[in-house]
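Participant: Below is a structure I'd like to ask you about.
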Amino acid sequence: MADHVQSLAQLENLCKQLYETTDTTTRLQAEKALVEFTNSPDCLSKCQLLLERGSSSYSQLLAATCLTKLVSRTNNPLPLEQRIDIRNYVLNYLATRPKLATFVTQALIQLYARITKLGWFDCQKDDYVFRNAITDVTRFLQDSVEYCIIGVTILSQLTNEINQADTTHPLTKHRKIASSFRDSSLFDIFTLSCNLLKQASGKNLNLNDESQHGLLMQLLKLTHNCLNFDFIGTSTDESSDDLCTVQIPTSWRSAFLDSSTLQLFFDLYHSIPPSFSPLVLSCLVQIASVRRSLFNNAERAKFLSHLVDGVKRILENPQSLSDPNNYHEFCRLLARLKSNYQLGELVKVENYPDVIRLIANFTVTSLQHWEFAPNSVHYLLSLWQRLAASVPYVKATEPHMLETYTPEVTKAYITSRLESVHIILRDGLEDPLEDTGLVQQQLDQLSTIGRCEYEKTCALLVQLFDQSAQSYQELLQSASASPMDIAVQEGRLTWLVYIIGAVIGGRVSFASTDEQDAMDGELVCRVLQLMNLTDSRLAQAGNEKLELAMLSFFEQFRKIYIGDQVQKSSKLYRRLSEVLGLNDETMVLSVFIGKVITNLKYWGRCEPITSKTLQLLNDLSIGYSSVRKLVKLSAVQFMLNNHTSEHFSFLGINNQSNLTDMRCRTTFYTALGRLLMVDLGEDEDQYEQFMLPLTAAFEAVAQMFSTNSFNEQEAKRTLVGLVRDLRGIAFAFNAKTSFMMLFEWIYPSYMPILQRAIELWYHDPACTTPVLKLMAELVHNRSQRLQFDVSSPNGILLFRETSKMITMYGNRILTLGEVPKDQVYALKLKGISICFSMLKAALSGSYVNFGVFRLYGDDALENALQTFIKLLLSIPHSDLLDYPKLSQSYYSLLEVLTQDHMNFIASLEPHVIMYILSSISEGLTALDTMVCTGCCSCLDHIVTYLFKQLSRSTKKRTTPLNRESDCFLHIMQQHPAMIQQMLSTVLNIIIFEDCRNQWSMSRPLLGLILLNEKYFSDLRNSIVNSQPPEKQQAMHLCFENLMEGIERNLLTKNRDRFTQNLSAFRREVNDSMKNSTYGVNSNDMMS
């Protein structure tokens, strides 16, 4: 007993040190000791002691969090009886101690929610013992307000817990629990919550009473959690708020057909303090987003009418909207009016004319206060964008009145942005133009809004542009002009150029007229005239933001008016010809290229302008007709003949910039490569002339490497710039003739330099990443460009170089030792990922016969594959799925290996095979469909190989199985659980999940079943028996039909038959289970 007291005192002291000390060392020591305590065998009993006798809130918190970890662990889980005891203990503890610290209560409720979720399918005497949440909290709800708050918080936390997937348990298990909870309990909890809210609002809550305050807050959180539930398992991305539909089950219809539910929340909004209103509005946002199919047309019209009435009432009494959170949620609510309902439905609402006027006034006022809640404005612009986009399609006879109000919104946006410039400069405020992502998002929305009543938009833009341009010109000519006045006009012109680009980009071919194209011409002329003015001043001064706006304008103009699809008779070109003498597309392209060269000349040290300029050049080089017109321009010929740092400063080796700043060089050379290819043909002299600067760079690096002491920084910069240039050229050369010129130029002369760079600087990803990416591009058989003559050994020689680079990099990168977690991707995994991509490209390129390597004793293939295994084993499983690029490169490589090199896989050590199979097993449930599909393909190849080897081993043959196949069979027979687990996982996904790649899932399933017939039979019986008695026969029949006509082989005809059967099986199972709230009580199915 004394020991218990002593250890209790020690634990309490450690808790105090963990949560209260300011000394980092003491805290870390306490944390380490408490981690050991959590993992100790007597943790459970000590936690109970802490809760019973602990004198501090921190020790109670420790006990609750430790117990939560204990009940959550997947290996060695607690017995059912023990978990039931903990659940009951927690409920009693909460019921007898209402004055606990808030964070302790929260931690205990979290413990209750976790036990309930993970035990959802646990039975005791045919009773689901963890499904009595409402009964569990009834005693709390019938007591004082303090207890009522605890009861409501329990339900709220439980709903939230069940809605959230966690990484330690399979997604299939999570969805099964969530679906069962949705069908059996969620509506009852929602109804209870609404009833309690009605009671609370009917009692004239005394909001000065803090406990009643807390109760209302918890009730609103509970209601919001119910409405925010992921009803059908599709809300994987919580960051997106667009087009969000709440998939309310049909069984909830009654609650939404009853107008009092909607009215309750609007009444609450007006009767409670503004600090509570955001949650009320969040609930209304979800209610407004219920799926359309929940109602018939008449019901939807009635529901929408109530919703619009409620919105109108808020707009008529806008006092609470001065609170930023209220304002934000209300903007979201307005956006849902159009994302979920059609304009034709809105105009039929009785109060539509008043409401659209109020919404327009509210929007105009919001836009005029540009400094207030810019993130909320997104939702208002989203509403008007969708309204404007619907105008051509609306068939209702009632007037939509958008021709009156949309121009007001457009004008408010444009004028408010211009008026903001002076205030921002005067007061030194943050400039919205710095946030290019937000500006671009708003401009995309304005592009649609501004095209509605386009004549008014253009007239406004022309008027404002002419005013600002004239003032700007006068200021530039004045000797006494202040820099502030010039900056204001440049800021206003920056906004106008962005907006002009946006409205031109909003042109829709089927809805635009000659008059509108002529208006576009007016706007384009003005921007090009402004460009001539600003370009003429670049030697003295330039404005970065205005230049970025110009590039945005050019990009929009290119998309709409340049290219193969554009009608050359467009009125826009007529206007350009009249004003600027630009008679056709070729002359306009000349202006584009002139701007590109000017920017690269004057802004070569400004990365944002350089990269956007080069992106524009790259986009121009893609079009079939435009690239041919470009090549004829003297400016383009100048670029092809003078791509050196003397003419383009960004190609220089600037010691001040980072190596990563050279990325834009790849874009530049991709464009140049495309332009060169137009007329290159087989002209090797022209090619060599073009490559002279790169040849000189390679020779310079070779010269440096040949000496014992050289300037490492200069060598790195020269090499990194060079390989980035080459990667651009290699990417552009997608025809056999041109690519062979590049290959013969780089191999064998310069390949040793790349290998030497990897050898020297393997630890520096700024050097290795570009080199590895170049090699990965060179071995990529894009557009069948790597086709060597039958007498050429080049395919094998290229693979030898690939193997050499992978082996050299792989062996050296593994010597790095322990890498900090936050740097592991940059320093190690990124390079490994590129190596995997490189090896995959080489193995699947169809230009090497890999059988000859072993035949002639060449170890290139073996070295590359063994290095792959060494690199793979250095990566924890979790990292394979945590880093998307690594996932995709690994699983696509594994797919090629299992398809074409199964003998190699079969020859691996047992622990390596198990590692690979585990990675496939985990990848089957990945959220990335590409990864999941790749895993299915890998598994199919492995299972097919196994089945064939097994079939051969049972037949009497003169040639015995080779050693690898024999060992592989033996390993699989020794460890059947892994393959069985994957059978269970695949079947689980097909039955219980929204399976997006059903065909891919079906391919390995037949092999898995044939290899594990007894296990499949047990699994099937388990699923059938878990159904309600009246559904068991139907489920049994589903499984019978699945195997109907299926033979014991994996021939294509048999596989196709199985895939067809599986589609029917999935449909029948889903129909059978629709009304069932029962689940599969099978550990195999759930694990």
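Think of each number as a place in line: the chain as shown, counted from 1.
The backbone N, Cα and C atoms fix where each Cβ goes, and this holds for glycine too.
Features from Swiss-Prot:
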- ALA2: N-acetylalanine (MOD_RES)
- 30-96: domain 'Importin N-terminal' (DOMAIN)
- SER570: phosphoserine (MOD_RES)
Participant: What are the non-local neighbours of SER570 (phosphoserine), defined as same-chain residues 6+ apart in sequence with CB under 8 A from its CB?
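Facilitator: Same-chain residues close to SER570 (phosphoserine) (Cβ under 8 Å, separated by 6 or more) are ASP517, TYR561.
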Participant: Tell me the residue counts in helix, strand and coil for the domain 'Importin N-terminal' (30-96), as DSSP assigns them.
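Facilitator: Here the numbers are 54 helix, 0 strand, 13 coil.
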Participant: Taking the domain 'Importin N-terminal' (30-96) alone, what is its mean pLDDT?
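Facilitator: Averaged over the domain 'Importin N-terminal' (30-96), per-residue pLDDT gives 82.
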Participant: Give the helix, strand or coil assignment DSSP yields for SER570 (phosphoserine).
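Facilitator: Assignment for SER570 (phosphoserine) reads coil.
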